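The active site, for sulfotransferase activity annotation in TrEMBL covers LYS799. What TrEMBL lists as 3'-phosphoadenylyl sulfate binding site is SER908, TYR1013, LYS1029, GLY1030, ARG1031, GLN1032, TYR1033. If you look up TrEMBL, you'll see CYS1014-CYS1024 marked as disulfide bond. The domain 'Heparan sulfate-N-deacetylase N-terminal' annotation in TrEMBL covers 271-486. Taken from TrEMBL, the feature domain 'Heparan sulphate-N-deacetylase deacetylase' covers 496-700. According to TrEMBL, the domain 'Sulfotransferase' annotation covers 790-1049. Residues or ranges marked as transmembrane segment by TrEMBL: 204-224.
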Amino acid sequence: MTISAAASATATTTAAATAAARLLNGNRLPGKSQKYEKLIKLPQQMQTSLSGSATSVTGTQTDADASADADADTDASVDCGHFNKHFGNGYATPSVTPATAPTPTPTPTLISMPSNLLHNTHITDRTLLLPHEEATTGAANGFRVSGIVTYKSKSNGNCSSDFNSTSSMSIGGGHATASSLSSSLCHCCNLIARRCIGINKRRCVLALFAITVVSILYYTHYVGTDMFDGLIQRDTHPAPIINCRMINAAGKHVRDASPAPDHRSEARLRIDPKVLVFVETTYSGLGRDIAELLVYNRIKYKIEVAGKSLPVLTNLDKGRYGVIVFENLDKYLNMDKWNRELLDKYCREYSVGIVGFVSPSEETLVGAQLRDFPLFVHTNLRLRDASLNPSSSVLRLTRAGETAWGALPGDDWAVFQHNHSTYETVEWAQRNTQEYPADSVGQVQLPLTTVLQDRGQLDGIQRVLFGSSLRFWLHRLVFLDALSYLSHGQLSLSLERMILVDIDDIFVGEKGTRLQPDDVRALIATQKIIASMVPGFRFNLGFSGKYYHHGTREENLGDDFLLQNVQDFNWFSHMWKHQQPHLYDNLTLLMAEMQLNYAFAKEHNIPTNSGYSISPHHSGVYPAHELLYLAWKQVWNVKVTSTEEYPHLRPARLRRGFIHRNIMVLPRQTCGLFTHTMYIDRYPGGRDKLDESIQGGELFQTIVYNPINIFMTHMSNYGSDRLALYTFQSVIKFLQCWTNLKLASAPPIQLAEMYFRLHPEEVDPVWGNPCDDARHKKIWSKTKNCESLPKFLVIGPQKTGTTALYTFLSMHNSIASNIASPDTFEEVQFFNGNNYYRGLDWYMDFFPADTLPNTSSPLPTALGSPRYMFEKSATYFDGEAVPKRAHALLPHAKIVTILISPAKRAYSWYQHQRAHGDIIANNYSFYQVITASDSAPRALKDLRNRCLNPGKYAQHLEHWLAYYPAQQLHIIDGEQLRLNPIEVMNELQRFLKIQPLLDYSNHLRYDVKKGFYCQAVSEKRNKCLGKSKGRQYPSMDERSGKLLQRYYLNHNTALVKLLKKLGSRPIPQWLKDDLSTGT
């Protein structure tokens, strides 16, 4: 056999090879690794040393080669000896050619035989080329060892074939890879195949089946060992690389920084904390960015399109806006003279400042002077390396002293030049010399002003001008500081920031994704580092005890080590088996699962008094699953939870909190790490994307904009590459570099109390429709169905004929209402009052999916037939919170209201209360009630308000129209409903698009005794409303009538304007009469 090869010589010594072999033996597990010793054992005689960078050795097979060949055959027989009893020894006869060249001195080396050499080599018999056991010297250096096994079988009829196999073994960290097993198996397979030639096919099949079974058993056992775990371990834990000149290694500022300036002055008392934003169009990009930033920081604002007349700027002696923002500075500079003078006068009189952005344009300006200002601009520049002016009085939230290295986003930057002392630079940048190499040769690059402050020395108006949009993250911070400075502190944000990091799914996870002891040590060490920068910081661990000790041996040790250090962390409960609570319809079963986790905590000394819990996948928190809240209270005494789903996951800036069943629900934030985010090189977008989020991006801004931050992470983020440790240590250091924020941490209950002190308006929840959000639908009870929710609402007001309309609607076989309430009868009264706090489940119980047939209908439907559901609650009309709540749950519902003369309605309500024995109504005349002063007893004032307030029709309809479009609102003339209900009901059916139409002329008949229409049960019998309906009472006294005509004059006039604005709605006759009488 002739062999030609080219290889590089190695300097590895035999002693090193022996040491590496000992290293392999040292890593062996008793009873396991010995099984594979022969699979990685290499023939001693195959050691060859090839010296020279490109030395060629050519010769025939030597005696040593033949000996090695024989040894290999022997080893193969040992490895696969249980097959030999089925085969003979013949079919491959060795052919040895006398040596023509001396054999080199054996030394440890790397032998690699490329397969392409075999095509040029004549092999008459089998040749085994495998590295020696001593060749594992390269193990410590991560060398790659390749072996080539080549056989040529003896011809036997048509059966002649070559068997070539190349195996690869990567050696690193003291372990051989699994490919060594593959190499040895290939050796065995080739031997079997060689011996199969010409023998009984049945024996061959049995042999191949046997080796397959053995291979599977070997591989399965091999994968389960720590040896294999070591093979896939990677040392890729990223280290924080935030370079901050102001911060030392301990996270402390190198020199004491001056405190952030306080922008507050007495001038702020004359302006409201609101921003007026002038945009070019309602769809402009920068205008949208400005609005989103204001929403994120809960700053009130009003959007106006530039070029139109100015909005009202004052309210009595107070300015309505604290800062004026122009998306395009040109719109301010080129404003018409009248509006410009009016706006400037407002700014000077109320000390209101202006923020302006230089808008990019196709035309490049060089030294162009701004109109009426000693200020010059250069546009369409590419810049890099931004830094802030430490002496700027604008900066408060933002800290100066660092440089944002690298190219700045965009190629349309504008820079300012000035020659007046009223101007001061806030931000500098350098021209991007990489973009303009010819211009930078031999020149000193001077800093260019990109953000400029105007102190107002020229015209008495302070301004902050930006040379680019908010695409650059630093501009977002400076913009917030500009609002604070120009509003004299009225729009200042708090500098206090609270951070809590939850680690969900402790003990939960597949093998290979869980924590090992080294990961726990790193967790503790990093916690100490973060605590030095964030006082009170501790990781908050959420556990599911069912999966304790469900990992590999090392991961189980990690579980134990975590519990040995249980006192170093805060703890909270997940579900026992990490199941989703919304799947439970039985409170007892749900509590039993929680009690298992509680017992596990007690057994392992895990604290159980945190008062905090997280539901897996936020199931049952929102949309609220009532059983979860009940079980939490009874088993864990939960007082606080958090979710990222309220009201929706996206956009994150709109996440809010609420309180339900005395459990405070806080908004939870994401940090860009999810369950599968374990390795830095597999992070979506790569490490640069993660660093972008940390260094001024989404994660950084989340902490800046939210006073209280609860972050969701998972156990898997702390193993493998430990990305969570890298992420939070880095972002906290970056925050210290660039902001004056005061970071701290506290337990969840303290954070919740702080949150609702800051945002008391969020205490009451707003229940949304789960079916409008795919994520919500997945974590909502399977027993609930959105189709059973009402399609339209009859909202009142009271004493206008709503009960009659309810009765007429119930006669239709395709329409059904809610199940009657034991307290409020046909009215659920969910969207107003305390019923709303009972939750969505309580409301939906009035609308079961299997709605009962409509027995009031002339044509009853079968059980379970599709129904057009509705709800009638007459108190909804003037409920302050009702339109918002109703729209959140039923955004597509149609709204039906009935209007009569407001004076007549007020008097009817008074008489209704007298008939029901109201003490105040029976002790005060109607005139005394409607003229009661604010100093009157509370009960009297309440009755006065219920008589008068619902009649302010235009005001309440405008409130509904703020949430529902006019196309979804139907107004019924109450007088027409009483006099001509058939036509009214036909029109209502057309509005609701009800099919089939019910001919009410066959089912309604005027009742002479009652004085109104009733349901015609038969030719001679009518079914009318009860005695309390259509009640006759004395006429209103003239004095009260005239007073009410005057009282409602403006409201009725506004109603006429509104009806004309809505169009296609005739003015009711009663409204015309009220207006003519009132005037």
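In case you wondered, yes, glycine gets a Cβ from its N, Cα and C as well.
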(request) Measuring CB to CB from TYR1033 (3'-phosphoadenylyl sulfate binding site), give everything in the same chain under 8 Å that is also at least six residues away in sequence. (result) GLN911
(request) Select the closest residue to CYS1024 (disulfide bond) from the following recorded positions, measuring between CA atoms: LYS799, SER908, TYR1013, GLN1032. (result) TYR1013
(message) Say we define neighbours as other CB atoms within 10 Å of the CB. Which of the binding-site residues SER908, GLN1032 has the fewest?
(response) GLN1032
(request) Output the one of CYS1014, CYS1024 that, of all these disulfide-bonded residues, has the highest number of other Cβ atoms within 10 Å of its Cβ. (result) CYS1014
(request) Using all protein chains in view, find how many other C-beta atoms are within 10 Å of the C-beta of LYS799 (active site, for sulfotransferase activity). (result) 22
(request) Could you tally the C-beta atoms, other than its own, that fall within 10 angstroms of the C-beta of TYR1013 (3'-phosphoadenylyl sulfate binding site)? (result) 24
(message) Can you tell me the CA-to-CA distance separating SER908 (3'-phosphoadenylyl sulfate binding site) and CYS1014 (disulfide bond), as a whole number of Å?
(response) 20
(message) If I take the alpha carbons of the residue listed as 'active site, for sulfotransferase activity' and GLN1032 (3'-phosphoadenylyl sulfate binding site), what is the distance between them in whole Å?
(response) 14
(request) Measure from the CA atom of GLN1032 (3'-phosphoadenylyl sulfate binding site) to the CA atom of CYS1014 (disulfide bond) and give the result in Å, rounded to a whole number. (result) 17
(message) I'm checking region-level scores; what's the whole-number mean pLDDT for the domain 'Heparan sulphate-N-deacetylase deacetylase' (496-700)?
(response) 96
